[in-house]
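Chemist: Structure incoming, see below.
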Protein chains: 2
Amino acid sequence: MTDPTDAPLHEPDVLEAADQSTSLDEDNRLLPGFVDQVCEALDAGDDEAAYDLVEPLHPADIADLFELVERDYRGPLARAITDLLGADVLTELNDYVRDDVIDALPAAQVAELAGQLETDDAVAIIEEMEEEDQRAVLAELEPADRAAIVDALSFPEESAGRLMQRDLVAVPEHMNVGQLIDYLREHADLTTEFWEIFIVDPQHRPVGTCQLSWILRTPRHIALTDVMKRDQTLIPTDMDQEEVALRFQKYALISAAVVDGAGRLVGQITVDDIIHIVQEEAGEDIFRLSGAGDGDINEPIRETYKTRVRWLIANLGTALVASSVIGFFGGAIEQMVALAVLMPIVAGVGGNAGTQTLAVTVRALATNQLTESNTRRAILREMRIALMNGATIALIAGTATALWFHDIHLGLVIAAAMQTNILLAGLAGVVIPVVLEKFDQDPAVASSIFVTMTTDSMGFLAFLGLAVASGLVSL
Amino acid sequence: MTDPTDAPLHEPDVLEAADQSTSLDEDNRLLPGFVDQVCEALDAGDDEAAYDLVEPLHPADIADLFELVERDYRGPLARAITDLLGADVLTELNDYVRDDVIDALPAAQVAELAGQLETDDAVAIIEEMEEEDQRAVLAELEPADRAAIVDALSFPEESAGRLMQRDLVAVPEHMNVGQLIDYLREHADLTTEFWEIFIVDPQHRPVGTCQLSWILRTPRHIALTDVMKRDQTLIPTDMDQEEVALRFQKYALISAAVVDGAGRLVGQITVDDIIHIVQEEAGEDIFRLSGAGDGDINEPIRETYKTRVRWLIANLGTALVASSVIGFFGGAIEQMVALAVLMPIVAGVGGNAGTQTLAVTVRALATNQLTESNTRRAILREMRIALMNGATIALIAGTATALWFHDIHLGLVIAAAMQTNILLAGLAGVVIPVVLEKFDQDPAVASSIFVTMTTDSMGFLAFLGLAVASGLVSL
């Protein structure tokens, strides 16, 4: 969507290493002192000083700066350094922080920025905006840019259609290497963001792909069809972005052709967008397993509260189930208070064993390492590990209890309960996510509630139940 | 390290879509029926049938096949399809599965495979082998390949030096575009795996980098120094791979120059290797938080047992601390068994609140989103969320308890204990990982043990202590 006639092929950004040493620490993070300096300049109303400080930064560091300052500073900072607020800064910003920045700018300027972006990046920005703001920005865009963005927005969220950029290089089969190079040199309006060219048939369906290095290594008279690779990964527009990321990883792709329902080439996806998705999706699994929602430290507090408290309430519910198990054995606890002292150990260590298995299973499912073919093996594997873990923990906990309370019977009861609960934990940790996946549910979201409920309730039941059954106490 | 004189620029791998439909499901995973067929052929000793089944597969799918079959089948499968076992299959294999495959092949053949690989991939394979096998393979390698691999192995594990490939295209500053293209066409021994070329000074220090698309778009007479980008990210050989991955993400790199201590260009890292690292490092955080070690479903059971049981024993230790808190209040529990029934709720929900904060903090630290500049803000944010979560949960748990046990005093005690524990959980969940990071410890590894210990012990202490302090029971 850039107009290359009035811009060089790229910004020759001559950045001195020395400039960075005052702003970045050894891990490439902005120094707190530097961030404070910028905020002080803004506090003093000295926009020029703030501009001078920010000017030498790389766009990605400017984006970091916006994320690091307090929310109140984002608007003033955006207004102070508007010139520096290029498309490259905007695309690097966290979604919530970008909202703050965009809110501080007039719609015309946002539209100008969006017009400079690749379609996929413009869409990423516009899709996050309120409908009203979206309309204001779209109204300010050039008609061609607007059409491309509206078209992209018609695809489902997180789909390849949203992710793709429309700018790409596609050429017919009859070209040779020399003709291709001439074509690239003559057409100033082509994108420069491509790593492969696509060869298409007269119906614009991709028939092959060619790494640029192959073209550069090949004499001019050779036909493209002799250089190109015919086997290529085609991405349908409606493929989910997580699936797209898995293809890129599996086949080590740098870019891939996106095709519509009729198999026509409509866009390309490049690896720089994929790397963010891989990072995001892997992070999501952590947050879902722990009920932390999006896990975004820039999310408004109210949103974060809503997601987290829902999880805690669900957890309170499962804890009540476990409590009623204890309540059932109230009489037994009155006879022997040591049971109350020890029972959280059985539930807690069981819970941890379950979490271990769960984390491994959820990730193996997410990365396609665990499929129907090896589910049986995975369950057996977890059972064997649980048996070994259970035996070890039972031995230690049993011995320690027998010594602490001078009661071998109590030691045997806790040992048996531990072994039982760790086995159940292993089983629940692998079976629950596998079953959820089978019913097309995200195993990361719901599994851990069920696993905890199992290990808590069964931990108390096994321990208190065995104490009664073995005659240590009576009901 | 490939010898391109006897190989085309790439394998023109003409794969029909129809062939895949019998082996892959809609999510691009191998069908269980297909995996069974291969195993049956191997069982029947019919290597030819197995070969015919596997032959149409993409190398990445052959790698998946090795991961999906039972361990016992890996050796026979490797021997049956040796011809198909190219370097591209080997690099895609899980480390443990690769060990099984390599064990089944003679050293000479492993050496031949290693010789076909890029240095980084060959190193990835050889570094995982036993020292004896390493020596056997190295002895079979061509001297140049051997030197490159031995050199790479001299860098620390998980460093840029191990990760880089030595094959790259570097040219002097005085060249123009035409001379570069001629140079690329004339030198058959150059790699084809490059996405950018590096421009170096006479001391072989990088001065700029040039995307191939810029070269293809530029007339022959233009000097490279007029096309290249001077600002580039240089990676020192000893940089940790996680840090390298963060640079690639931050600056959206496709490839980057690796430099030695004197600033000389010694290799390049390409994004296809980085995407695996991003995936791995994000996954590692999940496994470390839950004490699941490497989290690899192909790891030998004994290894998995060792990592996991260590974690469970540590957990048993912290559970004992919590138990001794309960033990201290034994008399109180004897007076009112409802305390024993309810106390796991306080500890459990607190633990979950702590885990939520912990997951968010650990990921924010790992992705450089949380730095010294915004630590204070992050702590305040978590405190505010904890206050809101605590109030909500206290209200629900307090009301439910008062109704369940017909005891308003007990309801007030559990409400106050909940609020206290959730606040402590929020504080521990952000402060503990931040402090560990400050002392250069991995916050993902140790934090969760400390956080659980805090929420368990403090949960019991707050609940039972408040029950005594408020006169509900006496000590």
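Any Cβ shown, glycine's included, is placed from N, Cα and C.
Found this in TrEMBL, in case it helps:
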- B:228-286: domain 'CBS' (DOMAIN)
- B:311-333: transmembrane segment (TRANSMEM)
- B:339-365: transmembrane segment (TRANSMEM)
- B:386-406: transmembrane segment (TRANSMEM)
- B:412-436: transmembrane segment (TRANSMEM)
- B:448-473: transmembrane segment (TRANSMEM)
Chemist: Quickly jot the same-chain residues contacting the transmembrane segment (B:448-473) by Cβ under 8 Å, restricted to those at least six beyond its ends, or write none.
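Modeler: Residues packing against the transmembrane segment (B:448-473) from afar: 289-291, 311, 314-315, 318-319, 321-322, 325-326, 328-329, 332-333, 335-336, 339, 342-343, 346-348, 350-351, 353-355, 358, 409-410, 412-414, 416-417, 420-421, 424-425, 428-429, 432.
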Chemist: Sort out for me which stretch, of B:311-333, B:339-365, B:386-406, has the most Cβ pairs below 8 angstroms to the transmembrane segment (B:412-436).
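Modeler: Comparing B:311-333, B:339-365, B:386-406: B:339-365 has the most Cβ pairs near the transmembrane segment (B:412-436).
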Chemist: Under 8 Å between C-beta atoms and at least six residues away from its ends: which parts of the chain pack against the transmembrane segment (B:339-365)?
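Modeler: Contacts with the transmembrane segment (B:339-365): 285, 289, 322, 326, 329, 332-333, 378, 382, 385-386, 389-390, 393, 397, 401, 410, 414, 417-418, 421-422, 424-426, 428-430, 432-434, 437, 443-444, 447-448, 451-452, 454-456, 458-460, 462-464, 467, 473.
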Chemist: In the domain 'CBS' (B:228-286), how many residues does DSSP put in helix, strand and coil?
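Modeler: Residue counts for the domain 'CBS' (B:228-286) by secondary structure: 26 helix, 16 strand, 17 coil.
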